[in-house]
Amino acid sequence: MGSCLSSRVLNKSSSGLDDLHLSSCKSSSSATAHKTEGEILSSTTVKSFSFNELKLATRNFRSDSVVGEGGFGCVFRGWLDETTLTPTKSSSGLVIAVKRLNPDGFQGHREWLTEINYLGQLSHPNLVKLIGYCLEDEQRLLVYEFMHKGSLENHLFANGNKDFKPLSWILRIKVALDAAKGLAFLHSDPVKVIYRDIKASNILLDSDFNAKLSDFGLARDGPMGEQSYVSTRVMGTFGYAAPEYVSTGHLNARSDVYSFGVVLLELLCGRQALDHNRPAKEQNLVDWARPYLTSRRKVLLIVDTRLNSQYKPEGAVRLASIAVQCLSFEPKSRPTMDQVVRALVQLQDSVVKPANVDPLKVKDTKKLVGLKTEDKYQRNGLNKKTVGL
C-alpha cells in the first residue's frame, strides 16, 4: 500500500481521539458519531476474516511481506482465492494489502472502525476498495485491494531511492484528476464526507496508475456548504492542513480543498509539502511557492525541473491557477471539488491536445488559461476574482 501510514496528528490528546462539536451558529448532525461498533460492523458489506486466515494469507506476517508501516502498524502483502476469498497456498490469486493495528501504536481502534464505516459502505473507482476486516481478541486488521504502484509520494520524491523515476507530466495530471474525482464523490450528496487527510502518501496508484484515496481513519460525516465543525483536537498533517482548521479548529469540505491544493503544488513543483532538509524559508511548500503564483513568468520558475520539456508552459500555468484558488486563505473563495474536477478535465484535454500558445507572449492572462469570458470562468469552476495568474 506504500508508505500511507505516516503520523498525522497536529494537536493530540492523551486519548488520541479528537472530540468534535458543532459551531454554535450552525447546526448539523454526524451519523457516524452515534453509531456503535456493532452497528458499524453489522451494516458493512465486506467480509469478516479470522486472524488465522490472514495469518495464512500473509505467510505468517513475515518480514519480507511488509510493504509499509506507520502510526497504525504494518501493512503486509497477502494472497486470497479470487472466488472464495480464502488464503491460497502459493503466491497466486488476488493480491491484497493487510493493515495490522499495533495495539500500542499511535492510531487506534476508533480509526480502524472509521475506515470500516466508510470504506465498508462507499464504492467509487477512485477510492481504495476495502475487502474485509478482522476483529479477534486484541487483533484489529483491515484487508484492501493491493495497489501495485504504491503511493503518489513514492513517484514524486526520491527519498534516497537510487532507482527513482519521477512521474511524467501526463501522469501527474491524470493522478490529480483521479484524486479530485474521489474527493468530489466524498463531498457529494448524499455521501457528504470530509476526508480530512488528503496528501501524497494517501493517494495510491494501481498497476495502470489509476489513483485512489486511501486511509479513512480521520474521515468525518459532513457538514457541507457554509456549515462547519469545530474540533477541539485538530488532527491532520502539517503542511497540508488548512490554516483556519489549524488556527481555530473549524472544519468543512473547503478544508479538504485546501489540502488538495497543496497536492497540486507538489505535482507542479516536485517538492514535498514540508521538507526540513531545505533552507528554513523553503521548508513549507505553500509559503515558498505563493510569491511565484502571482504571474505566469514566475510560475514557470518553480515547475519541477525533472520534467524537462514534457509539459507545455500554458499547462503549468493552468495547473498553478487551479492550485492557487484551492489555497485561498478565505475558505469561501475556494472552489468546490466538482469545480476542480471540471477544471482538471479541461487541463487534461489540453495536455492530450495542447494549444499552440506561448504563455510568455500572451498579454491577456485569461486567454492563456483558456478563460475568455465570465461564463467560461464559471464552467471551469474558477472564480474570476481570485485568479492570481
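Any Cβ shown, glycine's included, is placed from N, Cα and C.
A quick note: this is a predicted structure, and the numbers were derived from the prediction, not measured.
Here Swiss-Prot has Val67, Gly68, Glu69, Gly70, Gly71, Phe72, Gly73, Cys74, Val75 binding ATP, and the candidate from Lys35, Lys47, Lys99, Lys129 in that same listed site is Lys99.
Calculated from their C-alpha atoms, the gap between Val67 (ATP binding site) and Ser201 (phosphoserine) amounts to 13 Å.
In space, Gly71 is the closest of the binding-site residues Gly71, Gly73, Val75 to Tyr245 (phosphotyrosine), judged by Cα positions. The ATP site in the record is lined by Val67, Gly68, Glu69, Gly70, Gly71, Phe72, Gly73, Cys74, Val75, Lys99, and its two most distant CA atoms lie 14 Å apart. The shortest Cα-Cα distance from Thr237 (phosphothreonine) to any of the recorded positions (Glu69, Gly71, Gly73, Val75, Asp197) is found for Asp197. Neighbour density for Val75 (ATP binding site): within 10 A of its CB lie 25 other CB atoms from the protein chains shown. In this structure, Ser201 (phosphoserine) is part of a helix by DSSP. Between the alpha carbons (Cα) of Ser201 (phosphoserine) and Glu69 (ATP binding site) lies a span of roughly 12 Å.
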